[in-house]
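Annotated in TrEMBL:
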DOMAIN    247-359  domain 'AB hydrolase-1'
TRANSMEM  12-36  transmembrane segment
TRANSMEM  48-71  transmembrane segment
TRANSMEM  83-103  transmembrane segment
TRANSMEM  109-128  transmembrane segment
TRANSMEM  156-183  transmembrane segment
Amino acid sequence: MWPLRKHTVFSVPGIALVLLTAAYAIAFFAYIGVAVSRGRLVKHNEFLYMWLAFVGLALGLQALFVISAYRATSRYLHWTVPWIAYGAVMAVFSLCILGGYAAAGDAAAAVWGAFWIVPAAAMAVYAARARRGYAVDRIMGIPELRPRLAESRGKALLYVALDNVFPWVGWFLGLFFGLLLVIQALSLASDHRLYTQPGTLVPVQTNGGEDWYNLHVWCHGYGPAEQRDKSKPVFVLLTDFGMPSTSMEGLARGIASNGHPACIIDRPGYGWSDPGYWEQSPSDVVKSINQALAKYPINNPIVLVGWGEGGVWAQLYMQVADYTRVVGVVLLDTYPNMEILQTFALNRTTTLQNLRQFRSLGSAADDVPAVHFDASLEQQISRDYSNWRAVSPLALHRTRNGDWPEFKPQTSLGMHRSLFRNNMYYQATYFEFGGTGANLYQALLGYVAPSTDAVLVYHHWPLRWPALRAESGSAFLSSGSLKRRDGSPPAAPASNSKLPVVIIASGKQFNSDCNAHGISNSEDCTKWKAFSWFYYRQQVEYQQTLSQNAALLACTSPVPEDNSECDADFVWR
């Protein structure tokens with residue numbers, strides 16, 4: 001082995017830094033590959049480890065730069081004081097990352113951040129030695145190397161450029177990304193300390209029973225007495241797209257306060273639920289929810305309450321899960337596919353062309369083609385979620401969390417903010433939209449019956465969905481106990497189901513008055529009028545086709561409890 005040169009890259013500290021930098025470089029590119037290609041959600045988001053490796057790689061290169069310039073005959077280390085300060089700051093950042101992610105339970109992130117301290121300390125130590133060496137040279141009357149380098153040619157010019165550009169660029173990148181990672185680590189540690197899991201994690205199986213993960217079930221007013229009384233229905237709440245269980249806590253507590261047990265379930269990746277395995281079909285997710293209810297255990301009859309996209313999950317549950325135990329369904333501002341509805345409302349040609357493909361669908365789910373109604377819109381949404389998923393470990397998303405003055409209960413707002421738009425939120429929304437959410441409507445199409453389809457076609461309605469199962473509630477109720485309020489059903493009902501269904505919609509979106517919504521642009525006003533009309537028609541079509549015992553309630557007046565306008569956040573209140 002060659003003799004190691006003191007105070008150079010070919011010293012023991014230098015070789016150690018080379019190996020550490022190489023490890024960070026390999027990890028950086030490996031995590032990029034895993035994060036963009038892995039077919040499932042991961043617990044702590046590989047993009048987090050990617051950013052930690054990126055900063056570690058930058059620190060390693062900076063430390064090697066400082067060592068290579070220290071006391072060299074052809075180099076001169078500029079800005080020694082900033083280098084010392086920068087190394088000290090990054091060492092503190094390393095300790096913060098270590099403590100924050102260790103407290104949050106992410107050992108891998110804590111380890112990757114802990115090794116930042118090695119190059120950070122090397123920079124501070126060798127920059128301090130260089131500064132001391134320059135002071136000694138001046139005392140001894142040795143001419144400074146800097147003027148000679150400035151007058152030289154060739155490689156020296158490159159060295160001068162590196163000495164004046166590389167430090168400032170490196171400092172900015174290290175401090176910027178390092179600070180964001182530190183904020184995220186300390187915030188997660190604070191969240192972990194302040195907000196404990198309120199419900200129960202229930203193990204469920206997927207992928208044909210090969211894989212296990214946990215779903216979070218959070219019940220209110222459901223205790224031993226309710227478990228013994230098998231006839232008492234339990235309300236099961238399914239949240240809107242991207243929302244954790246905290247978003248429906250106020251509603252669950254309100255239901256429980258009126259003597260009816262209520263349980264909220266976090267879908268895979270949301271709230272406290274484990275990410276699960278992807279690509280999961282929508283039917284797999286619904287079956288996992290059904291497993292969680294059975295294993296909690298909830299053996300009572302259930303009333304499904306779906307908010308927004310949660311209502312579509314409730315409809316799919318009625319087709320593929322244990323629908324015989326469902327004795328009622330409530331849909332809150334639910335649409336089977338918002339993108340399709342909006343593009344159809346604008347009378348876009350591509351949407352109309354694609355809708356024609358659904359006129360001759362088969363009855364089996366496998367016969368349903370994958371049709372893009374607005375491919376550019378779907379690609380844009382997927383791209384946005386993918387981009388936020390990549391930067392989610394950097395705490396930038398926390399700035400997007402508003403104050404939500406309408407949120408109820410306010411005592412849980414901090415918990416809600418910690419679960420909303422965090423690392424897992426962007427992962428779950430990305431995979432749910434691209435892997436499951438976009439296919440949710442497609443999954444429903446496979447169960448559309450000719451009678452339901454005929455009514456929707458007759459009304460020239462673009463979207464399709466199945467009526468609820470006629471056998472719904474048969475495990476607990478006799479068919480005679482489910483009666484339509486207004487007497488006998490129509491001569492040719494679209495649905496054979498007599499299941500009680502309540503469809504509730506916030507009336508603000510029905511209001512086509514553009515001034516009331518602050519819309520002044522004529523083109524935007526035309527769009528809004530089209531949207532508001534189709535939103536209302538959507539609810540009417542639901543009422544006519546889901547069940548013979550369905551009621552539509554439009555929330556058009558202020559909410560009595562707090563006299564607040566009945567807008568899209570009426571579920572919170």
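Any Cβ shown, glycine's included, is placed from N, Cα and C.
Per-residue confidence over the domain 'AB hydrolase-1' (247-359) averages out at a pLDDT of 87. Looking at 48-71, 83-103, 109-128, 156-183, the range that has the most CB pairs within less than 8 A of the transmembrane segment (12-36) turns out to be 48-71. Across 48-71, 83-103, 109-128, the stretch most heavily in contact with the transmembrane segment (156-183), judged by Cβ pairs under 8 Å, is 48-71. DSSP assignment over the domain 'AB hydrolase-1' (247-359) gives 58 helix, 17 strand, 38 coil.
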